[in-house]
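J.: Okay, so Swiss-Prot annotates it like this:
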type: ACT_SITE; residues: Cys563; note: active site, for beta-ketoacyl synthase activity
type: ACT_SITE; residues: His698; note: active site, for beta-ketoacyl synthase activity
type: ACT_SITE; residues: His741; note: active site, for beta-ketoacyl synthase activity
type: ACT_SITE; residues: His1348; note: active site, proton acceptor
type: ACT_SITE; residues: Asp1537; note: active site, proton donor
type: DOMAIN; residues: 390-823; note: domain 'Ketosynthase family 3 (KS3)'
type: DOMAIN; residues: 1316-1626; note: domain 'PKS/mFAS DH'
type: DOMAIN; residues: 1703-1780; note: domain 'Carrier'
type: MOD_RES; residues: Ser1740; note: O-(pantetheine 4'-phosphoryl)serine
type: REGION; residues: 15-253; note: region 'N-terminal acylcarrier protein transacylase domain (SAT)'
type: REGION; residues: 925-1244; note: region 'Malonyl-CoA:ACP transacylase (MAT) domain'
type: REGION; residues: 1312-1631; note: region 'Product template (PT) domain'
type: REGION; residues: 1316-1451; note: region 'N-terminal hotdog fold'
type: REGION; residues: 1478-1626; note: region 'C-terminal hotdog fold'
type: REGION; residues: 1633-1653; note: region 'Disordered'
Amino acid sequence: MKVAYFSNEFPHDDTRDLFRRLHVHSKDKRYPTLARFISEATSALRDEVAALPTALRALVPTFDSIFSLVDNTAVRQGRLGGAIDGVLLCALHIATFIGFYESDTEEEFDLSAVDTCLAGLGTGLLSTVALSLSPSLADLPTTGALVVGIAFRLGVVVDDVSQNLQPRPAIAESGPGDSWAYVVPDVSPEEIQKELDTIQIAEKTPEPSKIFISALSRTSVTVSGPPARLKHLFLVSAYFRDRKHVALPVYAGLCHAAHIYDEHHVEKIIQSSSLDSISAKYRPRVRVLSTSTGRPFSGLTAKELFRNVIEEILTKSIEWDEVIRGIIQRAKDSAAVECDVLIFRTSLPVHELLATFGTELQQFRASTKDLVSWIAKPDSPPAKPSGKAQSKIAIVGMACRLPGGSTDPDKFWDLLEKGLDVHRKIPADRFDVDSHYDPEGKRMNASWTPYGCFIDEPGLFDAPFFNMSPREALQTDPMQRLALVTAYEALEKAGVVPNRTAATDAHRIGTYYGQASDDYREVNTAQEISTYFITGGCRAFGPGRINYFFKFSGPSYSVDTACSSGLAAIQACTSLWAGEVETAIAGGVNVLTNCDAFAGLSNGHFLTKTPNACKTWDCDADGYCRADGVVSLVLKRLEDAEADNDNILGVILGAGTNHSADAVSITHPHAGAQAFLTSQTVRKAGVDPFDISYIEMHGTGTQAGDAQEILSVTEVFAPLTRRRTSKQPLYIGSVKANVGHGEAVSGPTALVKLLLMFQKEAIPAHVGIKNSINPGFPKDLAKRNLHIPYEQTPWPRVPGKKRIAVVNNFSAAGGNTSVVVEEASVREPVKGTDPRSSHLITVSAKSKVSLKGNLERLIAYVEANPDVSLADLAYTTTARRRHHNHRVAVAASDAAQLKKQLGSYLQSVESHKPIPSTGQPPVVFAFTGQGASHPSMNLELFHHSPYFRAQLLHLDSLAQQQGFGSFIPVVDGSHERSHAHSPTATQLALVCVEIALAKYWESLGVKPDVVIGHSLGEYAALHVAGVLSASDAISMVGRRAALLEQKCQTGSHQMLAVRASLADIQAIVHDKPYEVSCINGPRDTVLSGTREQVAVLTEVLQAAGHRCISLDVAFAFHSAQTDPILEEFEEVTKSSILFQPPNLPIISPLLGKVIFDEKTVNATYVRRATREAVNFLGAIEIAQQMSTIDETMAWIEIGPHPVCINFVKSILPRVNVAVPSIRRGEDNWQTVSHSLGLLHCAGLELNWNEFHLAFEENLRLVDLPTYAWNDKTHWIQYIGDWALTKGNTFYDAEKAAANPGALVHTRSNIKTSTVQQIIEETFSDSAATVVMQSNLMEPDFLAAAHGHRMNDCGVVTSSIHADIAYTLGAYIMKKLRPKSQNVGMDIANLEVLKGLIAQKNTDKPQFIQVSAQVHDIDLGVAHLQWHNVSSNGEVDEPFASADIVYGLPTDWLKSWVPATHLVQGRIEALERLAEAGIANRLSHNMAYLLFANNLVDYAQKYRGMQSVVMHELEAFADVTLTTEKGGVWTVPPYFIDSVAHLAGFVMNVSDANDTKQNFCVTPGWGSMRFAKPLVAGQKYRSYVKMIPTEEDPTVYLGDVYVLQDGVIIGEVGAIKFRRYPRVLLNRFFSAPDSDTSKHTSATDVSPPKKVVQSASTTTTVTKALPSKPVAIPAPQVAAPVVQPTEQVTVVKAVTELTSTVEVDSDSTASKAMALVAAEGGLELSDLPDDANFANLGVDSLMSLVIAEKFREQLGVTVNGSLFLEYPTVGDLKAWLMEYYS
């Protein structure tokens, strides 16, 4: 017997916790009925609320789940509180009941009508109806939802009636109100009623307001009535006043009142279309006992039962004793001896029931089952979501570029752990902070702050990796570029390989990035709008570019919600919950280059003015500090991440976004909206707010924002009404105090911080409070157990409990986003070990530089983690990484072996060849014949590869079904290797092993394009080609072997392998009897004969010097020994075997041809193949002639030992790659791993996932270093101050006043460290005059001068003059010939008359002016003069002059070719002299020590020479250019000096000169040319030989040659040095005073004379020019403006002035290549014939542009698909040569 009791009050547990846990369980797939009930109950309640009058409907807030109402105290204590509590009680009953049965698989829902009765009190009685009507558990959601709706209507009616008896106060007091019922113990109902009648008659109480008995039991009586009358009763009545009485928690009104309610009220409650429809389907099954009589209700339909129950609740008093009597009577009437009482926690009625069972039925055993207890039990096994909408979201990968040098999460954590505040002045690569900053806020368009937090070198980008041309990269927003880079890194960390699993289906991966500005497009690229202005600048292209590059077909969203954009993008998890995608890449981006935004935010009073990141929660917080940042995260549903074997960094439990609609202004935060959001998000996540132990707050450092946020946080997570225990501390922090406010990336940055905190188990110190805490913060934070971590605080894992945190991210536009994040579960240790003995580790890259970097990083990782599992490493680098065209694969069995092999590849990386871009090589399967393996094998593949084992066992089953014995003993190692099995077993084993191997290779993605089988192997080949089924192949092999055993004598004949050609054999053996069985190769032949005949042959051939090996076979195949079986074998084959057309070409060693048709292979063919010779040599040669095979193919030997591939290598002149499947005597896994590595490096795309699948449960993804990018800077510098002026003149007067010695600055778009201001310029069609002025005291210029110190003075080196010349030359060419391209500049005839020395007083300016004049640009010459400017603004006579001669770098390269071998010869001679101890070999440190001691002390960045070999006045040096940043240059002086100052070194250090008495300085050179750019970090070699001149022995001349990779790429020709006595050093090189006109240099040759050059001055070049001037043709090709930028990029301006120049060849193909190079921003050297245009960044847009240029300039009409039809440079050249030569 069963009794289910439903109470009229909630269990004494924490009600909110019960509902929260039920909500969490409803997401579990084990509770589908529970989830359905909550959904249907929610819908039912919504329908009821919608039907209310407007006034009542407004009292119920919107709710997403019926359970959410439990947290709404205001509603539950309001007018409809009784209705809501009734709903919640019924919902709790039914949900708990459903969950109880779903949680326990042993419990069955078996409430039968015979032995079950249902009882309940008050609202609990309604819950019994749902059970009574439900024949199964699956019906409870429907009946339960109906009960919920009726419970609500009951509550509304009760409220309506009760309000008429005693209205609620107009101003509600805190709390639920007064009680409508009191219980009086130890009295009789008769006494109570008598007293009530006496008082109410005396007071003439109106009938509806009378107090009445609503419930009675053996121990007490309950009286009910309006609260005021109840209070009056207990006040005026001595009877009641003197007795103990207790108010019950009945606050919603009256029930059990027959004098108030009638049938009308009952009908109002049960009138429902839902009830009518249910009545037709459901009928009462289980008896429900009346609480007034104890007898079952008599209703026969659902509606009748509801009517009876509602009438009972409204009009009948509760008499629990009657209910107990009814239950006891049913127990007596039944045959049961025990009773299960189902309860919702124990209670007084339950105790009374059990006590009665004990007294009245002593032989009857009654026990309780608590239906609530299951709710709090831990899940075992772990919960699985019932659907995608219920999934948790795993974060499986992250990458970042954040301020403070945080180029990865580890560096970011270092910054946080150190408590750094990484603000700094706005760097020069963004804009000139000095000119764009005004602390007083008075200047138009200026920023009020000079500070921010910035990414280092945001222009760094590996353009070729992402198939972008340099030009496209330059014009593409760095936010887009870095989003690409970090997305790749995050995906790499996550081990995401598209299409590896269902969750990584490329069609189901989407991207979601937050971005709130387009700075680079608005400022940088807007200076020069070109092809990629839209695609590179508009933010929608950022996520789209990621999808396009990775070939993801899911959605791509760019999200802009202002400051919360990034975390709003993290709500990509909503797409995961909705099932729109399986994997999401989400994040935020922000790179600040637009000074307008600084000015706008300053004027809006958003920004702090003080030098700090955000002063979060500080008393003086005055705004936020802007910040860069790029973050990418990879998200998956948790169950998918676990199934994919991912590393889980954290788990998102819930995310939500709302808006502060009620704020006082759009930008003002609103604590109420924030609190509502976080409360809702936490509740949806199923988390108790007190389980949150950390909140990463938005915390921008504004007074209003910080104060409002702490209010919302304390309200939800640390309220006064409910206190946290001492074990529930809550910490708060904000990453903005460290790295500033990244705006659109601030949310993802905070999330990365949180994930690192989980990982490091620590909370970093909060560094935002610089003085004292914000006075608006609550003063009782400590009492609330809420803490700010002023120092790093441990945050350890707690066994059995998860750390949970909240991340807040709010928007200045009013949006609020909150995310609940839980730490990942600790992964269970692997249960076993990977049985494979050898593991394949791969490394790949898209360039040699990156390959080298990746190898170095992996080696460093293995050295730092010597215990790393090689199996894990192999799994990570193969199955969990993308693979590129530069590939390295290493099969290793231990770490030492791995490091050694990786080191070997690292040494040879420069000669590494990438895989061809033409696609995968075709594959040939070559099937081995008999005799290659041991008689017995022990195949590790059979033991450890489930796939191979299953294939082999299936084939064995086919063999046994045909009557053959099992061949498994041949391969399973159950016998010694030498054990001889029957020929049938051996031959079946061979063929079946080969078939299984072929299928195994195919499972790994290696499918044959051609097959060839040797002897017995041909049967396996025919099967793989589709000619034979596996069953037929086994049948033929087995029958043939059986016939051989029956009709041929084992051992009577032999086969002899001879290392000789057939012709050689014939010439030696003459007429001795033998047969030729196999012609395997040019010198590989197999003979057959009787044992005696073979013995003679062996003796003769060995005597002739030929190696002979007797094959270990039972029969002499392909010889006369097989004649007895041929007829029968052919007949059996004809009758039983079905031959199908081949689906692959078959190379036939029998016929010596390639088989394509369906008729050739038949019974006759296999008969002949048994008897006739195998002509493997002839077959391969024919196949090659027919082009069936070629040198590109990959050969795989399918068999027990490599034989055929050795034959192939001896036949073909070149074999791409040839690998075995198994090698005799070698562990199978070692062979397979090595072969897979070779195939991988040959370009085959392998199914690595399948290779590791069987072992994956024992494998883990290793957190390896990320890809080593081959970065170069691509950056368009914002030039000038046009963002300030915007065409206005309001700054002109200010500039003139600040610089009285200069003209008003004209608006030029050029500014570098040495060319700071164009003060005058005049341009005509072909002539120009430009005058620039610079202050030597500016930091970068001064630092460059002090980098070259002589006599303790900063001396402007000639390389600085060269940089000025390059800058002005480029500027003039751009102005006069804006479309020019590929023009180099020769800085010729430099003559320095006075040294320029930095003054000591840096407080005063030290100006110089340089004038540049071009008479006719088409003559290709410009003339420059340098002048000092005195303090009064007067310009001195020129102290230096030079010419710029424009020319073609290609011509220069050609002109240097004849000298190359001479220079190389001299270098080699110096090397030999050094080895002989004659020449001096000096290290880097020694060379510069000597240089500094003798004359010049160079700064570190100038010290490029790594070693010097010197003999007398001849030397060469190996040079590496620095990567150190600093300054804006066209050609950094320290680059020029590093490759050129070898000449000065020789003159001032060589023992051929008397350096003790003399020193040497250069007055100039004849020519300086660089045909290729000087690039940071690259290596060069300089060579010079200085020779004294005949005219003056104190003057020396020489040519400095600069080589790269053995090619001369630059020259400083006719460089001159003059020798001076050392006693003059102090006189010549001393710092001047502030008036530079008084300074006289060592080379002063003329008296001071004031010279002011006007715009009309004409200078005639009379000096001999070192190279022929180039006539500049009319501009034709559009190209980007040459802009000096950061050092790494700008060097290109030296050799490439983006202009159309005649090329050296007149062919259309050559012109076309030059045009392609120009359009893509490439060098011609970047266009080898095998270069793929797609990899060079030639996309569809560029294709259209180039096609148009071809038409306009070359007269070649093509369409935009040209580069698809001719994908490589060689293809296009060939086409152009064929049709346009």
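Glycine residues also receive a Cβ, built from the backbone N, Cα and C atoms like all the rest.
Show me how these features fit into the structure around them.
T.: Taking Cβ-Cβ distances under 8 Å and a sequence separation of 6 or more, the neighbours of Cys563 (active site, for beta-ketoacyl synthase activity) in its chain are Ala516, His698, Thr700, His741, Glu743, Ala744, Ser746, Asn809, Phe810, Ser811, Ala812, Ala813.
Look at His698 (active site, for beta-ketoacyl synthase activity): DSSP puts it in coil. A simple way to gauge crowding: the CB of His698 (active site, for beta-ketoacyl synthase activity) has 30 other CB atoms within 10 angstroms, across all the protein chains here.
Secondary structure at His741 (active site, for beta-ketoacyl synthase activity), taken from DSSP and collapsed to helix, strand or coil, is strand.
Secondary structure at His1348 (active site, proton acceptor), taken from DSSP and collapsed to helix, strand or coil, is strand.
Sequence-distant neighbours of Asp1537 (active site, proton donor) (same chain, 6+ apart, CB under 8 A from its CB) are His1348, Thr1357, Ser1359, Tyr1498, Tyr1502, Gly1504.
Mean pLDDT, taken over the domain 'Carrier' (1703-1780), works out to 80 on the 0 to 100 scale.
Summarising the environment of Ser1740 (O-(pantetheine 4'-phosphoryl)serine), the number of other Cβ atoms within 10 Å of its Cβ, over all protein chains shown, is 10.
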J.: Quick check on the active-site residues His741, His1348: which one has the highest count of other Cβ atoms within 10 Å of its Cβ?
T.: His741
J.: According to DSSP, collapsed to three classes, what secondary structure does Cys563 (active site, for beta-ketoacyl synthase activity) have?
T.: strand
